[in-house]
Amino acid sequence: MFRLVIADDEHRVCQLIQNIIPWNDYQVQVSGTAYNGIDAFRLIQEVQPDIVITDIRMPGYDGITLIGKSKALYPDISFIIVSGYRDFEYAQSALKFGADDYLLKPISGEEIKRIIMKVLAKKMEQEEKYQHENRLQSELLKSRETLRKQFAKDLIDRECRVDRDALSDIQDRYLIRFHSPYFQVIIVRLDNLEPLQDYEPDRIIDTIREKVEIAASACLGGLVHDVFCTFTSFSIIYILNTKEKNGLSYRDEEELFEAASQKLTEYGKWKVSICIGRPVHAFERLSDSYADALLALRQRIFHVGRKIYHWNYVSDLEKELLKFDLPGFEKRITTILGNEDISQIKNDLKEFFSSTPIFHRIFNPDTLQYLCTYVTDSVIKKLQAMGSDEEPVLSVRKKAGFILDVSCSIELLFTRLIHLYVQVLEDTLTSKRIQAYKPIRIAIEYIEKHHAESIDLKLVAKEAGFNPIYFSSLFKKETGINFKDYIQQKRIETAKELLLSSNQTILAISEKVGYKDVRYFSKIFTKIVGIKPHMYRKVYG
């Protein structure tokens, strides 16, 4: 609805204008009336109407003064001047000062309708224009923001050149301008301290990362010239165009940590790590700052309890490995994984990771990755020796890499790796047992259906798909009883049921469960049950 204010020093004129046409039919609501210029101006400030119908001459402020003062505050208000014939020229001059049209007294409904329709058409045209401009502005802002994010992503993904010659091209292509030659890369890392439910990024991470990104970006925005942002699953990567050549101060880093960590309290056990790349003094050195931030990110696993991580020098991988007894390390892993008892493997791995000095004197992330990869590869070899399917074998290395990436402490890393190793070993062993038990299940189902018939080992072994000697050994291993005794037990169990549930003779029952000789049946029954068939019926029937 459009808001209308009516101002005239004659009450009857105000009432006439209010009632002369059905304003609601024109989507217009009369929001108030005033009887002098000063009250009219106050009402305009209070209501902020879309349209004002005002007399040309009023006490306080006349119509032209009212238009001038109101337009200064609310330039979009439409004014319609009311005047008599004697003020006609004065009313016409009001058009120069911003009035949209004028009404001559006596006022007619048709004239008001005509003028209102004209004013409303102009209003709607303006509204459409504003909406169009706003859409264009919004699309432009979105496009610029998209380009800014794309710049950060392309930079991190090495999709754009980072050298002095490329600087001008980059600024034109991404519609950005750098305000200083100082740059710095910072990674805000989100680490989940809960046990892993899956070996993929948690679904909630997108929500968490978005909230942290908004808070962190707002904090950084006041500290630097410009901020460009992209992300990976658990990391928000900021490229800063800094004001100072030394980059963020320690206080700035603390502010960033506080802004990011405050957003995590409602999501459980999550930790924020701020990983700082060195400040660089030229655009073409940005890759150095990013490499430093990545190294700081990987080093966080060695410094539990910190919240801000800076790049530090690390020893060469080969030199660090020379300090350790690698043959002894490899031999120990081989011995542990040679055990067939999965629970014992779990305990031995826990003891190995906690007591082996090599894991507590590492300061190079590459060394840690090398050793963990060796253990993972050893587990894979055991899986292959156990006859594991290809899919679990391939997934172990991927899952172990994910664990190494998302673990922010040595303790958490080892706990998660042991859980993974034990899980895949148990799954493979279970699968192996199921596969081994399948022919036994076939044999048992065959015996269930045919135990009243003449059954021998060769026949059932053939049904299961094995030679009799191997089948006999496998059957006893899986059931704990030899083949012949199993058939006897099955026949006697069926006989016991028939003795209690039917009035059939002992001879009939004997034949029904596969014994043609009733005396032999009675002998076997007594041997297994402890009493003769007729006594069993008498005692338990």
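Going from the start of the chain as shown, residues are counted 1 onward.
Each Cβ is built from the backbone N, Cα and C atoms, and glycine gets one as well.
Automatic prediction, not curation, is the source of TrEMBL annotations.
Listed in TrEMBL for this protein:
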DOMAIN    3-120  domain 'Response regulatory'
MOD_RES   ASP55  4-aspartylphosphate
DOMAIN    441-539  domain 'HTH araC/xylS-type'
Set of same-chain residues at least 6 away whose C-beta sits under 8 angstroms from ASP55 (4-aspartylphosphate): ALA7, ASP8, ASP9, GLU10, VAL13, GLY63, ILE81, VAL82, SER83
Mean predicted confidence [pLDDT] for the domain 'HTH araC/xylS-type' (441-539): 86
ASP55 (4-aspartylphosphate) in three-state DSSP notation: strand
